[in-house]
Amino acid sequence: MDIQKIGVVGAGQMGNGIAHVLAVAGYDVLLNDLDADALEKALATIDKNLERQVSRGKLAEADKAAALSRITTTLDLPELGQTDLVIESATERESVKQAIFETLVPHLEPHTILTSNTSSISITRLASGTDRPEKFMGFHFMNPVPIMQLVELIRGIATDKETYDACLKVVEKLGKTAASAEDFPAFIVNRILMPMINEAVYTLYEGVGNVNSIDQSMKLGANHPMGPLELADFIGLDTCLAIMNVLHDGLADTKYRPCPLLTKYVEAGWLGRKTGRGFYDYRGETPVPTR
Ligand SMILES: CC(=O)CC(=O)SCCNC(=O)CCNC(=O)[C@H](O)C(C)(C)COP(=O)(O)OP(=O)(O)OC[C@H]1O[C@@H](n2cnc3c(N)ncnc32)[C@H](O)[C@@H]1OP(=O)(O)O
Ligand SMILES: NC(=O)C1=CN([C@@H]2O[C@H](COP(=O)(O)OP(=O)(O)OC[C@H]3O[C@@H](n4cnc5c(N)ncnc54)[C@H](OP(=O)(O)O)[C@@H]3O)[C@@H](O)[C@H]2O)C=CC1
């Protein structure tokens, strides 16, 4: 199947990165969000990140202009029914994702493939609420999308081979590498990464270290590019908590219990970089630890 036009639902940090790399690879992109401000902000971020690639000699100025011209925005979700592939990348909440697919389904072309960039939620369950479980799968990018090489591809129980192969072709056209993961809570990357982040929050909660010493230990002691708390802020603490809850509920094992301190940060609305405050306060010139 030849995919040319791709719809992206949710223009947050992942949605804008996904639109960016799809447009650079030559796809026409229709980007949707609930909010006109979010769409405007996403286009500004894409422009800034493309410019960064131009200034580092990774992209020609003409290719930047061409990529931007391939991205159209809309507040009207049903318009995405005209695309060949939809990548849903809205907030990590099952009810939000289900409502999006419910609204979209009556407007879809028969051939359209539906996918979700979910970090953790059952692909089989999301698929079962649509009219096309065989044309539904997980298409999981990593953050920051323009830089990270991996895309996890997750088949639900009913996903057919044609759908998988069509998504694999898109990953290859993006110049990225696909890893195939089975449909169990949080798949591969987050099954391993998120318990480590949660353990870092427990380490902070129990006073074993402070924000600085924990992040420094993992950067200098384990050669991680970011400390786990810095990475949690980068991902979004709401998303980290949502993933831990899916692991805890889905695998029914207390080892996935979300740290109460992570819950408290989310209750405070301190969601990390995207709200200006999380384990660090980003409102000044340099990030300042909040504990
Ligand atoms: C939660 C989930 O469901 C799954 C996930 O995504 S888990 C999160 C996975 N991601 C990670 O683990 C990221 C870990 N961090 C890193 O790899 C690095 O810190 C980083 C790549 C983000 C930044 O690297 P750095 O060395 O500190 O910064 P810097 O040298 O300025 O940037 C490196 C490159 O990233 C680019 N970059 C940095 N931040 C970026 C951003 N937010 N968006 C786009 N590009 C970005 C820079 O332009 C630069 O590009 P080139 O190499 O092409 O010149
Ligand atoms: N952050 C990360 O590192 C990664 C996240 N993911 C996954 O990607 C998805 C998005 O995460 P991320 O971009 O970080 O989250 P963000 O919070 O940055 O963005 C989510 C966006 O979706 C919008 N949205 C919410 N509901 C709807 C809706 N019904 N229709 C259209 N748009 C909607 C939100 O709007 P509003 O703000 O108005 O609610 C917001 O703009 C999640 O499933 C997450 O798990 C996957 C890989 C990595």
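Yeah, the Cβs are placed from backbone N, Cα and C, and that goes for glycine too.
Whatever TrEMBL says is automated annotation, not expert-curated.
The NAD(+) binding site annotation in TrEMBL covers Gly10, Ala11, Gly12, Gln13, Met14, Gly15, Asp33, Glu92, Lys97, Ser119, Asn143, Lys274. In the three-state DSSP reading, Met14 (NAD(+) binding site) counts as helix.
The domain '3-hydroxyacyl-CoA dehydrogenase NAD binding' annotation in TrEMBL covers 5-183.
Residues or ranges marked as domain '3-hydroxyacyl-CoA dehydrogenase C-terminal' by TrEMBL: 187-282. Within the model, the domain '3-hydroxyacyl-CoA dehydrogenase C-terminal' (187-282) shows a mean pLDDT value of 98, rounded to a whole number.
Taking the Cβ of His140 (site 'Important for catalytic activity') as centre and 10 Å as the limit, one finds 28 other Cβ atoms among all the protein chains shown. Taken from TrEMBL, the feature site 'Important for catalytic activity' covers His140.
Lys97 (NAD(+) binding site) sits 14 Å from His140 (site 'Important for catalytic activity'), taking the Cα positions as reference. Once Cβ contacts within 10 Å are tallied over all protein chains shown, the binding-site residues Gly10, Gly12 are led by Gly10. Its Cβ taken as reference, Asp33 (NAD(+) binding site) is surrounded by 24 other Cβ atoms within 10 Å in the chains shown.
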